Structure formats: C-alpha cells, structure tokens
Amino acid sequence: MKKVRCLENGRFYRDPGRPAHKMWTPDECSKYFLCLEGEVFDFRCSSDLLFDVDRQICDFKLNVDNCDLTADRADCPEGYLGCADSTCLPQEYFCDGSSDCQDGSDEAGCNLLEDPNGASPCDPKTCVLPDCFCSSDGTEVPGYLPPSMVPQMILLTFDDAINDENWDLYSRVLFPKIYQNPNRCPIKATFFVSHQYNNYHYTQQLWNDGHEIAIHSITHRGPEEWWAINATIEDWFDEMVGQANILNRFSKVRMDQIRGMRAPFLRPGWNKQFLMMKEFGFVYDSSVVAPFDNPPIWPYTLDHKIPHDCKEAKQLCPTRSYHGIWELPLNQLEAGSFTCSMVDSCPSDLTGNDVYDMLTHNFKRHYLSNRAPLGLYFHSTWFKNHEYLTAFQKFLSDILKEPDVWFVTSWQAIQWMRQPKTVDQLHDFAPWGCKRSFDQSEIACSTPNVCKLYSRV
C-alpha cells in the first residue's frame, strides 16, 4: 500500500504528500484515501469519474473542479475537527444531521465506519440489562439462557391505516379468542399507524383489546428517499410526534404507551431520526433490515455500534450511541432462493401451500437455533388472497400447539429482554398477562362521533 500521511479519522482525502507543483492527471484525480485508526486505505472512482474532495463523492469530470485539493485540514485544537475549508468546529457538530460547515463537509462520509462521533463496539462488561443489550454479532441470547429455556416469541405487525378495508380482518378473522398463548391470554400484535385514511375509533378498540399502537408517520409521503436523505430532524419530529399526538387526541391512547415507531418504506433517517426519538422519549424503532443470516439477529440497544451490516434496501442507519433506545431489526425471511423483509414482499407467485411451507421453514430457523424473535410483518392487503389467509391461519393453529411459543407485541418482547425469564416462569410474567384497566373516557364508545371530511385528498 502506498505510504501517505494519515490525516484525521473518517474523511476521504487525496495524497497530501504529493508535490504541489506537479500537474494532476485524471488517473490521480480518481484516487482517494481513508484514514481509520492510523491505517490508510486506498480507493478509486469508477471509470470516467473523478473524486470531489469537498462533496466527498465520485462525480463526472465536468462537475469536479478541485482536482488539486488534497483536503489537508487545519490544525484544530482537541475536541474540534476541520471543515474542508479549514474552519474548525466542535467535533459533535460532525455527522449530527445538520450542516454546520459552509461547504457541508461536516456531514460528508458519515457511515458506520467514518462518523467521528460514532458509537463504540459492544462491551458486554458495561452494557448490561435491563437498559443495555449487545453482543459482538447480534446473535447471543439475553441473560445467557440456553435456547431450550427461551420462549419463541413471534411478532405480528401491521403497517398503515386501520379502516373499513381491514377492520373485519383485524377485529374478527385474525384474532378470535381461540388463538391463545400458553397463559391463555389472546395473542396480540403491534399496529404501526399512519394518519391518512385512519379510523381512530377502530384504533381505540384495538388498543382496548390489548394490541400495541405504534407510529408510522402522519403523511407516509413519497418519494421513498425523502425519509432517509431529505427529511430534517424537524420533519421527523413533526411526522412522528405529530402522529403520537393525533393518536392520543382521537383514540385516547396514552402518550406513555406510544413507545415505538417504524419509518415509512423501511427508510430509517440516519442520526436525524434517532436524535428525534431520544428527544421525544421513544423506546424503540423497528425499521432496520438485517442481512439474511443463520442464526438470526436478536433485538439490541443502540448504546453501541449496530452488530451487522446496514446495506439492505439502501438504508441509512444510526452511527451514534443512543442509550436505552432499542432496535428491533427485521430479520429477513427465506422463500426458496429469495429473501424478503416483509411477508408481502416475498414472491407473489407463491401458492397457499408455498406460503405455509415458507412460514413453517422460517419458524424452524428461529426455533431450532437461538430463538431470536420471529417477525412476521404485513400490510393488510396481503390477506385478500384467500389462499394466503388460509395458509396463515393453519400456521397459527399449528404452532400455537407448542408450549413455548408466544405471540407478543414489540413492547412485550422488549420487556422480556429487559428481564429474561425461562419458559417455566412465564405464566406469571405480568407484562405478558391479560389484565388491563382503562378510565371510562379511554374506552371506545359504541357510537363514535363522526365529522364530515371536506378535503378531497
């Protein structure tokens, strides 16, 4: 490897040791370097592209006018870093989701490896339950319990609005009282609710029935990339905290019971989203897609670096430490030669028997390995295929015969992880019980108030 002087960690630069009087060639302009913990790694742009030091990207030749710039930074005092124009700013300003350098260079190259304020690797000596959980590869069981003593949790989640299109499915078809956990409590699910077309009376009834209500934004606006790239911290706050306030106002869901969120289109918003979550007090996110692997990944807190790659679905995952915030990653399902993060993103040409086999196969992947929670994530339209609905109901009936299988909400899964219990201790585990109490004003009425919606949208 070519010997070059190692500049600050986490920023790409050109060879600062090159003679200044020598003319730069296109070949040299396509090369750049990265310094990490004293080691230098070299890279090269694709053919016909040059590296723009200011913007920290490869671009077409016509768009790059700084070929002679090496990005050698000013000597900044301790606790400060240099912008590309040599201005020194506090280190915490870099990779925080807000441009502070005039050229925006404080927000360039901010991925899991390069954030100068990035979270540290997992340290099981200091990261202890109930408030912190990590492992080097994300596959270890909480409490170091043997898998045979761990309940196999299954997390059913449904995204988007609750309304007449799916109310019969949710209220009658999927959750009849015959579907019960080993403690004889009805099985439960988590609903990630977005505002448009949502019926808040139905939402209140689901909450009264013991299901978890979580956040999926107000607008669910497009394009998909907006959430990951363009949305500001303020946008995330307006969308997610705004929806929490709407649910509290119109469905009476208690604010302290609105704990989780999922980014629209599974496009997490990097540090901007998680700074908002920390500020508001969200407990967990469930937007990050984990690479397919065996055994699957357990949920983890964001005190330390994410224990897996974050390249699925063009996701921008958090790079900083967010103490006590849980991530419930989406372990991908295996469907023949395909993998899919949500059940309804699996191949659409499957038969009912194929669906049953796929669900059973993925259940065994979890149940016979480390028993990480099996997430089955849906949009309600998937169930309009009668074969799929029948296959899912058969799957439910079959696996509920197992004495150590539990269908729980996302929050209930976190409660178990915070205080792990063996399968023989779960019948008296209060967070998984049936007892719920509501004030009279919180109970869904039989005849809701209806107001005319004048907006054509």
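Cβ coordinates are placed from backbone N, Cα and C, and glycine is handled just like the others.
C83 is paired in TrEMBL with C101, the candidate among C58, C67, C101, C110 named as its disulfide partner.
Of the cysteines C58, C88, only one is given by TrEMBL as the disulfide partner of C76: C88.
In TrEMBL, C110 is paired through a disulphide bond with C95, chosen from C95, C127. Cβ neighbours within 10 Å of C83 (disulfide bond), excluding its own Cβ and spanning all shown chains: 23. Confidence over the domain 'Chitin-binding type-2' (3-69), given as mean pLDDT on the 0 to 100 scale, stands at 66. A separation of roughly 18 Å, to the nearest angstrom, links the Cα atoms of C88 (disulfide bond) and C110 (disulfide bond). Counting only same-chain residues at least 6 apart in sequence, those with a Cβ under 8 Å from the Cβ of C95 (disulfide bond) are D106, E107, C110, E114, D115, P116, N117, G118, N271, T319, R320.
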